[in-house]
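Notes follow once the structure below has been shown.
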Number of protein chains: 2
Amino acid sequence: MGLNGKDLIVDGWFHERGVLWPGQAMSLKVTKVLDHFQSDFQDILVFESESHGTVLVLDGVIQVSERDEFSYQEMIAHIPLFAHPNPKKVLVIGGGDGGVLREVARHVGVEEIVECEIDEGVIIASKKYLPTLAKGYDDPRVTVQIMDGAKFLADNQDSFDVIITDSSDPVGPASVLFETPFYNSMYKSLREGGIVCTQGECMWLHLDLIKPLMDSIRQTYSSVEYAYTTLPTYPSGQIGFILATKGRTTCKVPERKPDETIQQELKYYTPQLHQAAFVLPAFCQRAIYGTL
Amino acid sequence: MGLNGKDLIVDGWFHERGVLWPGQAMSLKVTKVLDHFQSDFQDILVFESESHGTVLVLDGVIQVSERDEFSYQEMIAHIPLFAHPNPKKVLVIGGGDGGVLREVARHVGVEEIVECEIDEGVIIASKKYLPTLAKGYDDPRVTVQIMDGAKFLADNQDSFDVIITDSSDPVGPASVLFETPFYNSMYKSLREGGIVCTQGECMWLHLDLIKPLMDSIRQTYSSVEYAYTTLPTYPSGQIGFILATKGRTTCKVPERKPDETIQQELKYYTPQLHQAAFVLPAFCQRAIYGTL
């Protein structure tokens, strides 16, 4: 079972202590608890912080803060989308807050965006408390499936140009999303030339999870690469992405660029940063690729 | 006055709460306080953490953890040193723990390394509790000056190929190191073609400090650029560096590369990462350079 978010608030500070990052914690000063309830799947806490705006917490783990969420949403969406020359159909698994949808919708060439979220509670909380993320649902190309991502994939083979898995950590409902069978299912749901981009945990904490998963899925995918972005409210301040392709040699180089209007709206992604995000520190490069 | 480090340990956790990052805090679980004393300049705390090895804290702010210190030391040293084709004489201001010296000493072409630290207490603490950093003092090319960096600069003009300022935050004894007069003094102490690299705070927190300082020193230096590295135990998980040159157009491209033996010893720096470290997120690029 996940942690009860409210139990982590002590003396007015939320302390993010978790089994995946023992001995360390990010803390945020809470000015007001906005909501706290149990959905069918997890513990959902929303609070107003002194420094980082509204914060969404699932099973005791920070998912979104208004102050830095753009780094995550922009990078997990625009790296695979700009690495694809012509994405038409995009699937988002997880990401119930709507932030990834908001970024996908910036791509005018995309014709269909399917959101598959297992927990409607997250969508409800985001629409109520995080309107700058939930506005992603307003785009007319978006359809929503409240269901298990693996089940949806099984029913939709050879269908998507880009699949983005915006999941919580591999504890609780999301743990299956970090396993090889789920990646095999995503592969079958990709069209030729398609790209998968998943939340890939933190290089400073979780190389023992990241490396075996990447090694395993290399047997299926044409290319498997790791990129990362900086994100102060995630454990150790960074989060990575696993980029895997069907019939494509790399995602490191953008095939397209944001036009000037869209680039002006973006706060994190640039085409130069797209490429830099794949340049890993020596310890991480060695662990993942076995060589410098 | 700086904070008393021991006051920040509550229920066995050290909480890094500071005026420069209100509303947020990094916390580490303490297994044992190794030492706590007041030097002539600041409050010095050394503790053993559950997850990050030995941790050095000055005036309540984490300076070094054994687990991630290599990211900081390697990047603040090797970016300016590899950007210089032939550095012979190197000055380190601050950096009393010795970690930067350790990295500078990897460059066989360097003939003289001067360490100028105002607070001998830091050196004493590091030699006692952080031997893997303090071993930097063992190199025969190192000489130590216990004195104010500004004073040392005034007495040593036109002397150094690279000056590295490894300082604490601009509160307390180090605040003068974030001001234009100090940068003017460093400029005068550089030889032609020389490079300054300073601890440049965090792009997620301190653009209001970083931008005016960089704008101001552009009037003196030939080039002024910003790079960053990831560092989980620093506020928001990142730290930046200001790179400024005397008669050189950029530090973005390495002029030399580590040979194979040295590269194998490095845990963070690679020549590719050297260049990637200057590729900034859009919000930071806009703030610092005014354009994308």
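In case you wondered, yes, glycine gets a Cβ from its N, Cα and C as well.
Counting only residues at least six positions away in the same chain, the Cβ atoms of B:I76, B:V92, B:I93, B:G94, B:G95, B:G99, B:V100, B:Q199 sit under 8 Å from the Cβ of B:D166 (active site, proton acceptor). TrEMBL lists B:D166 with the feature active site, proton acceptor.
On the 0 to 100 pLDDT scale, the model's mean across the domain 'PABS' (B:11-246) is 96. The domain 'PABS' annotation in TrEMBL covers B:11-246.
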Helix, strand or coil for B:D166 (active site, proton acceptor)? Use DSSP. strand
